[in-house]
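J.: Pulled these from Swiss-Prot:
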type     : residues                  : note
BINDING  : 107-114, 196-200, 254-257 : GTP binding site
REGION   : 437-525                   : region 'Disordered'
COMPBIAS : 447-467                   : compositional bias 'Basic residues'
COMPBIAS : 480-497                   : compositional bias 'Low complexity'
């Protein structure tokens, strides 16, 4: 997502660092690079001009000249202006005071309306709503069938009285279907109605007339314009045409996971004045989220998206299990069973590469992230599942014959089993040292108190009271996901992330005082 734009902007701002004072020439050179980066990303020219003008004005003002770190202040200005053109504040879906809330989807053919309808329905269902999908795309062959398949995957009913375009059936009336779907929702007490309409390969009067007729028939609370982020400069033209012909209250961006330059996201909000509500980043139903302008700007500038990562963790981790795992890690008692549970929870959050990409500075290690293969985690999972409960609880009992049995049972080599067991012990020791060194209450003290009484130094004599014992060797922090020890060293295929950029083991600015104990994890069911 925005990889090329992120690389160009990061490189442009990197040249300012280390300078105690910025000259007009420095500002001009930096804004020139930013301008080229935005234009290459297919951002609309008027948007680029206004964006660069605002940055220059602020960069030459008092807020930069009087700052202790002028370069960092310019980065802050660019971040704030990016947030501004992306919409400023997060805008949620507006629900009607009296159900049902009617959401109409409009857009060009192939923009992803039908799939997005299922994603939105699945999200609303997860929030406790009872959505109904209405199939009003009666012109594209198999469009109704596609919506029924998507609705079944999302666990949401589909209202489709007409089979859609086919040689056997005549043309249907999408306006009548939309009105009947709304009546069906009221009769059966659905609180949200999502209407999937037909698209075209281009803007034409027939498309506009049909969409406007459906809008007038159902009087929707929200009209979402579904925009393909890969269409480049045409995004502005298409959005403006739909705005004049039909009118819409929000934008949903699709295909943000593609390799396109993605300038549509930076243009459509500024040109139309309509907020971006949702962003779709994949084909799965869960690859869909509310669009946060501040987080998107942070990711574009290579500063990561820690808050989204935390929110995803809150959805999959159980509070009690997380506390128990943290206590076991601190005491050096983490088992392979605990490790397996944590790994399965992390995998529910999405591909590991995507999760690591949300960390600050991840853009500097793209090559390493590109090597991350989730299939290697399947092999690790198979190895652990091939062990007996006793072996998972106490890996020390896994001798040579047991390792051979585990390898044969899980379809891997003995060396892979050896690597997993050995690196599990190393990671458990490292994580115990890390948590103990952080001074977290109740963590890391159990194992420490065991050795506090009668502790002996290298000479075999007891340490004198009040004197320091031998300094323990420094242990390098493993780079991995919380609760997943030794991710960097799992067998075969996973990259060595030990050479991570400076600062990745720290929270980014603004989150330094973040209290992890206040995270709201779902309770144990």
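Numbers run from 1 along the shown chain.
Using N, Cα and C of the backbone, Cβ positions are placed for all residues, glycine too.
Buried or exposed, and what's around them? Tell me for each listed feature.
T.: A helical conformation is recorded for residue 113 (GTP binding site) in the three-state DSSP classification.
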J.: Count the Cβ atoms, other than its own, that fall within 10 Å of the Cβ of residue 107 (GTP binding site), considering every protein chain shown.
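T.: There are 27 of them.
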J.: Give the residue from the binding-site residues 110, 113, 197, 200, 256 that has the most other Cβ atoms within 10 Å of its Cβ, counting over every protein chain displayed.
T.: 197
